[in-house]
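To start, the structure under review is shown below, and the notes come after it.
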Amino acid sequence: MSKTPRTQPGRLSSRFWRLLGASTDKNLNYSSAEVTAAAAYHKEAADLGDEQLRKACGLLNLNDLADSRDVPQFLAIVREASERSTGLRPFDVQLLGALRMLAGDVIEMATGEGKTLAGAIAAAGYALAGRHVHVVTINDYLARRDAEWMGPLLEAIGLTVGWITAESTREDRKAAYGCDVTYASVNEIGFDVLRDQLVTDVDDLVSPHPDVALIDEADSVLVDEALVPLVLAGATHRETPRLEIIKLVGELSAESDYDTDSDSRNVHLTDVGARKVEKALGGIDLYSEEHVGTTLTEVNVALHAHVLLQRDVHYIVRDDAVHLVNASRGRIAQLQRWPDGLQAAVEAKEGIETTETGEVLDTITVQALINRYATVCGMTGTALAAGEQLRQFYKLGVSPIPPNTPNIRDDASDRVYITAAAKNDAIVAHLAEVHETGQPVLVGTRNVAESEELHERLLRHGVPAVVLNAKNDAEEARFIAEAGKFGAVTVSTQMAGRGTDIRLGGSDESDHDRVVELGGLHVVGTGRHHTERLDNQLRGRAGRQGDPGSSVFFSSWEDDVIAANLDRNKLPMQTDEDGRIISLKTTGLLDHAQRVAEGRLLDVHANTWRYNQLIAQQRAIIVDRRNALLSSATAREELAELAPKRYEELAQALPKEEAEERLETICRLIMLYHLDRGWADHLAYLADIRESIHLRALGRQSPLDEFHRLAVNAFALLAADAIEAAQQTFETANILDGAPGLDLSKLARPTSTWTYMVNDAPLSDDTLSPLSLPGVFR
């Protein structure tokens, strides 16, 4: 199935895009009518035996899901099969959600409404239509859990299901990808795609052709993680900032030696700081040609690590290692690193042995990875707020699915204070007051440091709270399962993707009625996040499936989102006796600050996307070329044409019955090696360009246009250089000495490789200009 071309982001208003991002009532009504029509087939499905049910499913014609008359029968059969195999009978709203995913939408379905089952039904529909489905999760735990949970349903209707985690072997992966439905984390799917770019035999390929991606927690994967590069690295020696520079930067003064911007995204030396560094390094000129790409880069990297990256906010230190914290999930970002020496600089700052970065052999962003699929759909509890990005970058619509039972959660207005200190005092007092009643409380904080500070204050005030953050995320399922227990107070960092429902009365619901009488779970937010979605994810933990619940957020004018996006001089300052601001404008001001923050994030996404788009296009050309070399006689034919005398010499020297096959293998190895070598060198060149491209603005050049010009020119040379190098190797390689074979020492590949994710810095704000890629390979 061909894929609809995706256009570049426009400049239309947020409200306009968000409206476009939502599917129309007409579409929802059509799907609802099909759910209603399924009722006519329920008795018929219930009367079928298990084998008859499986056979009936196989007879359905779902090849054109948008115009199939068999959809109501499919819904009736899958509902019956689900109840028999899992004990779960899908509600109408779950069937509706599945249909909207089968229509290619991202659905918004509230926490606790059964997204996992709806996703399995949608996956079944695609698979029965002959499609291969990847259910993409945010971590390995959910991939395996959901595959094992939903597997009996899929198998009951004649489908095969598999799952992949980091521990899966190559054989496990090939078997799982061979199933009709495969559950895997976005990381593992991406790493398999990258690792396939090192194979030299087509039989060693693991990752299949991308067909359908059904994405759980779609906003987290498609928006929050969109620009995270997945990296395949090989062992090599790379320079990191010198220890003397890291130590020197640590001694600089914030008052005089360096400045940061208002939202702490950038830091730079002042003239005073530059002179101090130059003197300490022996009187050098940091901005001379000799040092601008070396010493100055080391200083800037060390400065970034020392000033902008804060322990227990951006990272934690555990088991003598630096672990990045995913800001949108509040968890350790597994396998994630900072690029270009920054990881080593942070490790040196913390007195930890620096780890190897290696040479980047291949890389792909999550956004480019997902855009490979012919069909993309998904589910999340907060899709509408991400509708703008889903529309712009993936051309996806959003379908809001009503809850099975109306939501009765009481969401109170924000309580706003002038200072963070006053806000924190009010939070502690509020939590102590609620705890006295026995009502369970879930507190959402914005980072690890804040969660631990609040936890300590609560303990001092006699409130027996538990804390869940990136430092103890291995225990999260147990903590969250008991967060609805009578008297429980749970302090947690961001709740996105926690994957465990909070049941009133605890995991066994023994105190359910008592907690219901108290008002259900009470959610407290310690401040607005940079996007409305994260606030809604936290609120959504209360009021599950019609349960009572409540939420309230505390904010202050000193909070990051407000301080960076509102003029403090124009904010109301009159307070009541408790220090709470008295003004009808507070909610509107907070909403405005959040919208500004969201707009900035969208700009960052769009601008970074414009750089990554070219790299993704170039990578696609490399992949096509590599696949041609792997699966055909292209390499042998090209080298025979380029070096006919050498080819004939080798053909005559080798046994006639094996000459062609032997030469095909040899030519393929040579061509693949030099193609891969050229691509790795090209990626290193692009990384170097990106480090200094912003300086082009000083010369009144467009950084983006310059990046495109340099990248396109270099890529055009890559093809010619790779083929020329392959020809030279073919003509000089030791092929005839001893047993016929290639001297592999001349084609040495990395002795070890590993995969990781890069927490990459956003690039400058530029306007996208038209670009074109030459047909660099024949």
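A Cβ is built for glycine as well, from the same backbone N, Cα and C atoms used for every other residue.
According to Swiss-Prot, the ATP binding site annotation covers Q94, G112, E113, G114, K115, T116, D501, on the basis of sequence analysis. On its own chain, E113 (ATP binding site) has F91, V93, Q94, I401, P403, N404, Q545 as residues at least 6 apart in sequence with a Cβ closer than 8 Å to its own Cβ.
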Cβ neighbours within the same chain of K115 (ATP binding site) - under 8 Å, at least six residues apart: G97, I107, M109, D216, M379, T380, G381
Chain-internal residues, separated by at least six, CB under 8 A from T116 (ATP binding site): D146, W149, M150, D216
Q94, G112, E113, G114, K115, T116, D501 excluded, remaining Cβ within 8 Å of their centroid (ATP): M109, T111, L117, A118
Listed binding-site residues (Q94, G112), ranked by Cβ neighbours within 10 Å, top entry: Q94
